[in-house]
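Trainee: Below you will find the structure I want to go over with you.
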Amino acid sequence: MLLISAKKTSSSVQATMPLHKHSVSYFLIAVHLILCPCYGLTSINATNDMLCEKYNETMCASNSNGEGCNGTEECKPGENEKGNLCYVLWQNNSRSFTIKLKGCWVGSHDACSNRNRCMETRREPNVQLLFCCCEGSMCNRKMAIPSNVFAPTPAAAKTSTAAPIRMASSSRQIRNILLFTMLPFITITVVVAIGYWVYRRHKMALFNELPTTDPSPLPPPSPLLGLRPIQLLEVKAQGRFGAVWKALINNEPVAVKIFPHQDKDSWLVEQEIYMLPQMKHDNILNFMGVERRGDQFQVEYWLISSYHEKGSLYDFLKANLVSWGEVLSIADSISKGLMHLHEELPATKGEKYKPAVAHRDFKSKNVLIKSDMSACIADFGLALVFYQGKPTGETHGQVGTRRYMAPEVLEGAINFNRDAFLRIDMYACGLVLWELLSRCSAVEGPVDQYMLPFEDTVGQHPTLEDMQEVVSQKKIRPQFKEVWRKHPGISALCDTIEECWDQDAEARLSASCIQERLTFLYKTQPPYPETQMSMLKEISCSTATSNLCPDAASMSKSQPVLLPKESSI
């Protein structure tokens, strides 16, 4: 445990935050001063690189106005994937050269024997026309003639005054090439060095803050946990926001979810959810406390809760089948947990008002199985609280696990109000209930191996585009086996699941409606078949609800169960 005084907190934060702000300012100014000259040079260079000397012997000889002689051609960039080059085409006569053409040429840099100057190194005895190309502004103004080629005679040179030949590039051109080549590397090196210096200053400032309490108000660690050492035993699960450990407090097993520093926001969100008034519930994971562990160089955020040996519903279904009674127990627990989460509860004498909460990442991995085969809901790192009179704010709608995203989430078409987010949870609830039914042993014949929803269609690692195509465009849902419809209770639960994952969000069932239907199934299709007839005799069917309560004769013939129809969310 870290015990920090409040006075030290404020002074530390005030001392470090200006330093961080000034460091960022210095960094931005430095980058601006360094990059601005580079942008100027680059733009000049980009403009000049588009120019080549232009010459056409035929046009120059035929036009008295000088068209085609000693001109400049602008090479248009971006016409294809190849680079813009300058070229010279000349004729090799006996001991003389005559320029034929000059201008821009689009081609591969590899075609040029020398990029920086126009030089033809290949010499064939019978070749009369020679060609060279180069890369750079006006690089074809000068040609380099290899030593193994005869130089032109003065007379020949005189005949080609329209396009004079220069023997080699000047030292100024070489210096410019070196400058423009090295300048980007020098700039990048300086920027990286300044960035690293700013990062180190910010990191040290952050470390100075960490031992103190955070600027945002945090709940105090549980006194019970502060007095008892926690012994970590083994990692039981690895999630999006950290690892879940099995641990001991005075030989009593607990679960410790450890968040790394970068996921501190999720740690804070989970605390907010667990510590809401009237949040405690049998079907919500029991919260025990929080701690911040580590030194100034490595801080971890711990969240301690009750430990459940059977693990998540996902892990349990992979290794086990479930009976009809276990299906009812787990489904009933899930519906009660979601109902409590989604409900607004008025203030009482001992408790304040509880706002509605949307989970936003409901899936089988976030449902834990208790020793009595009931269930509880966990992992509220993405949850959203709806306080009365307060807007939801700039909440990102497309969060959660892709496989469990509702159609409106995949399409990015969410109404940012409370009911819209609660309906998203109910879509995911339908998928979780389907997973539960897929491993039920109450049906005839063999039970298939466990599969995630849509796994047979998109595999184990679907992309967002995969789920958009399957769920939103094709409107595909996990399939119900025909044999499931032969069991009245499972058939009724299939109908409920279909209403949970309806494409129309407003048509989906609420958690309270699912819970009411499961209560009805407990009476009409109890966990143990031998008690079914006796329990049916106890059901009183009023005139208003007689169409919802089948008689014992119809139940004994395995007729479909008519479930209560309540309004959706």
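Every residue, even glycine, has its Cβ placed from backbone N, Cα and C.
Just so you know, TrEMBL annotations never went through curation; they're auto-generated.
According to TrEMBL, the record shows the following:
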type: TRANSMEM; residues: 24-44; note: transmembrane segment
type: DISULFID; residues: Cys52-Cys86; note: disulfide bond
type: DISULFID; residues: Cys118-Cys132; note: disulfide bond
type: DISULFID; residues: Cys134-Cys139; note: disulfide bond
type: TRANSMEM; residues: 177-199; note: transmembrane segment
type: DOMAIN; residues: 230-521; note: domain 'Protein kinase'
type: BINDING; residues: Lys257; note: ATP binding site
type: ACT_SITE; residues: Asp361; note: active site, proton acceptor
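How buried are the listed features, and what sits near them?
Mentor: A strand conformation is recorded for Cys52 (disulfide bond) in the three-state DSSP classification. Using a 10 Å Cβ-Cβ cutoff, Cys52 (disulfide bond) registers 28 neighbours.
Classification of Cys118 (disulfide bond) by DSSP places it within a strand. Around the Cβ of Cys118 (disulfide bond), a 10 Å sphere holds 30 further Cβ atoms from the protein chains shown.
Cβ neighbour count for Cys134 (disulfide bond) (all protein chains, 10 Å cutoff from its Cβ): 27.
Sequence-distant neighbours of Lys257 (ATP binding site): residues of the same chain at least 6 apart with a C-beta under 8 Å from its C-beta are Gly239, Phe241, Gly242, Ala243, Val244, Trp245, Glu270, Trp302, Leu303, Ile304, Ser305.
Within 10 Å of the C-beta of Asp361 (active site, proton acceptor) we count 22 further C-beta atoms, all protein chains included.
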Trainee: Cα within 10 Å of Cys86 (disulfide bond): which of the recorded positions Cys118, Cys132, Cys139, Asp361 qualify?
Mentor: Cys118, Cys132, Cys139
Trainee: Within the domain 'Protein kinase' (230-521), what mean pLDDT does the predicted structure show?
Mentor: 92
Trainee: Which one is it: of the disulfide-bonded residues Cys86, Cys132, Cys139, which Cβ has the fewest other Cβ atoms within 10 Å in this structure?
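Mentor: If we count Cβ atoms within 10 Å for the disulfide-bonded residues Cys86, Cys132, Cys139, the smallest count is at Cys132.
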Trainee: Would you kindly give the Cα-Cα distance separating Cys139 (disulfide bond) and Cys132 (disulfide bond), rounded to the nearest Å?
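Mentor: Answer for this pair: 11 Å between alpha carbons.
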Trainee: List only the single closest residue to Cys52 (disulfide bond), chosen from the recorded positions Cys118, Cys139, Asp361 by CA-CA distance.
Mentor: Cys139
Trainee: Nearest to Asp361 (active site, proton acceptor) in three-dimensional space, by Cα, is which of the disulfide-bonded residues Cys118, Cys134, Cys139?
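Mentor: Given the candidates Cys118, Cys134, Cys139, the nearest one is Cys134.
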Trainee: What does the structure give for the C-alpha distance between Cys118 (disulfide bond) and Cys134 (disulfide bond)? Integer Å is fine.
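Mentor: Cα of Cys118 (disulfide bond) to Cα of Cys134 (disulfide bond) measures 5 Å after rounding.
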